[in-house]
């Protein structure tokens with residue numbers, strides 16, 4: 001309740017989430033560079049210093065270009081190689097660690113005791129605290145495991161990390177510590193390869209390069225996933241998303257992001273040419289992601305898991321204090337490479353915040369300027385308005401009322417289609433929407449007007465259909481709704497006084513029915529929300545458009561499902577009349593479908609109203625419109641065929 005009352009807390013929470021998201025994207029840029037560069041740096045022991053200086057960077061850049069160039073094929077084609085490579089790599093570093101422990105210092109196992117950590121910090125004080133910022137590479141990479149959640153279960157990742165990954169890392173670092181304890185005065189700067197025996201250095205180098213490619217692939221896939229989810233929640237400009245696998249849902253490819261990541265990754269590699277600076281940059285990005293995740297998890301503990309606030313505070317204090325210690329230490333490396341993720345995060349946050357802010361303002365403008373239902377019903381031959389054959393799909397963000405772009409369309413072109421459908425595609429903040437809960441259909445006005453409203457809900461991880469299957473499925477849902485609605489009319493009026501409290505007060509529309517996937521044949525099966533209760537498919541979370549959207553969506557929540565069946569043996573005269581009306585409306589729908597479908601979309605231009613601050617005018621007039629012109633339009637995002645597209649220009653003054 002405290003979060004809901006204060007609007008500035010909404011903004012603060014949004015900025016915190018965007019900061020973590022941008023740092024993940026920054027990590028997706030830095031991880032391929034530092035992983036491949038550090039692996040290739042092992043060539044230093046096999047060639048002279050002069051040759052090494054001119055060989056490492058070109059080889060690293062070549063591997064990075066190949067890595068990004070192969071992304072469009074999808075990881076499922078070569079993914080069967082990833083597990084063996086990672087297992088061989090983990091067993092390799094485990095064996096090397098055991099060899100170094102036994103050969104150089106068997107007592108190094110005592111370093112596992114936390115006593116030595118406290119003793120070290122107590123003795124070194126500020127120097128020890130600052131050194132924490134230089135060892136963050138020991139824990140980086142674990143944040144990339146979230147990318148695997150699309151392919152494996154939580155239990156599988158927990159078991160693999162606990163019984164394989166973590167022991168292998170502990171043995172590897174203990175082995176390096178054992179070696180360095182006996183070879184402290186050294187001129188080499190590479191801690192891993194110096195502890196590898198000469199006889200196995202080349203095989204280890206090859207395995208390390210392959211493992212770095214696999215690790216880079218994981219974080220690149222994670223970057224694609226988080227950008228796709230941000231786009232679904234109106235927090236990122238529209239980009240093309242390609243699903244590379246028919247079987248594995250989480251494997252996607254975003255061409256624009258892929259090539260931008262490659263260019264920046266090459267620039268960082270050529271610009272830094274040093275694992276120290278790359279490590280400082282990557283370490284700050286990782287610690288920021290971990291700190292933001294801890295803060296948000298404490299909110300999840302209260303809001304989603306419904307635990308006492310004291311549990312969340314204990315969680316936040318314990319993990320947050322440790323992460324804050326490392327985060328503050330990494331900030332001391334600002335001039336030594338840590339400035340890069342901060343600069344990149346500020347740039348990305350500006351883009352994402354401006355896009356999200358303008359999207360909200362556009363929605364609020366549509367909400368305040370929507371047309372009443374009476375205006376639509378008054379349109380007719382007396383006003384020179386003609387109804388032409390076909391289906392008109394008017395895409396809008398509104399869940400009730402008539403959008404302003406449709407009124408402008410009718411004003412300038414006094415005709416609209418015989419079958420009119422106001423389509424609202426919503427992305428709700430849950431991963432998936434069951435197919436039987438996806439379509440909500442209702443009438444706009446009386447049945448004779450042949451106007452409908454359809455709300456199509458997608459989760460942020462759902463795959464959107466192509467326009468042909470979407471159009472066919474939408475018509476099928478309309479046909480199912482028509483049969484159900486006329487059957488309900490035979491029992492009671494579609495919008496009676498009893499239904500009035502449940503109807504949308506702003507437009508006097510009938511409530512919407514949730515049309516499931518069961519085909520209408522014989523005894524029809526329909527699902528209808530029977531009462532408005534706090535439970536909803538979105539799990540109680542507001543969508544990203546606005547709080548008003550949540551209020552409107554409450555009228556279409558699924559709370560109770562009822563099955564209706566028609567008894568053919570007890571037909572009455574009124575039932576026969578209903579059957580005739582059903583057949584007539586279905587014939588009109590079929591004839592309109594054969595005549596063709598037109599997709600009516602708004603083409604928007606946003607400008608700040610007079611008296612707005614300079615920052616707002618800069619963000620809306622230049623920033624948002626520039627992004628809108630240079631990203632994919634809604635027609636491309638919805639895969640609308642150009643021959644069936646009607647765009648209506650709209651100027652949004654917000």
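Quick reminder: no glycine exception, Cβ is built from N, Cα and C everywhere.
These figures come from a predicted structure and were not determined experimentally.
As recorded in TrEMBL, the features of this protein are as follows:
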DOMAIN    6-377  domain 'K+ potassium transporter integral membrane'
DOMAIN    389-652  domain 'K+ potassium transporter C-terminal'
TRANSMEM  12-34  transmembrane segment
TRANSMEM  54-73  transmembrane segment
TRANSMEM  80-102  transmembrane segment
TRANSMEM  127-147  transmembrane segment
TRANSMEM  159-180  transmembrane segment
TRANSMEM  200-227  transmembrane segment
TRANSMEM  248-272  transmembrane segment
TRANSMEM  284-303  transmembrane segment
TRANSMEM  310-331  transmembrane segment
TRANSMEM  337-355  transmembrane segment
TRANSMEM  375-395  transmembrane segment
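In terms of C-beta pairs under 8 Å, the stretch of 54-73, 200-227, 248-272, 310-331 lying closest in packing to the transmembrane segment (12-34) is 200-227. Across the candidate stretches 54-73, 284-303, 337-355, 375-395, the maximum count of CB pairs under 8 A to the transmembrane segment (200-227) is reached by 54-73.
When pLDDT is averaged over the domain 'K+ potassium transporter C-terminal' (389-652), the result is 71. Remote same-chain partners of the transmembrane segment (310-331), defined as residues 6 or more beyond its termini with a Cβ less than 8 Å from a stretch Cβ, comprise 129-133, 136, 280, 283-284, 287-288, 290-291, 294-295, 297-299, 301-302, 338.
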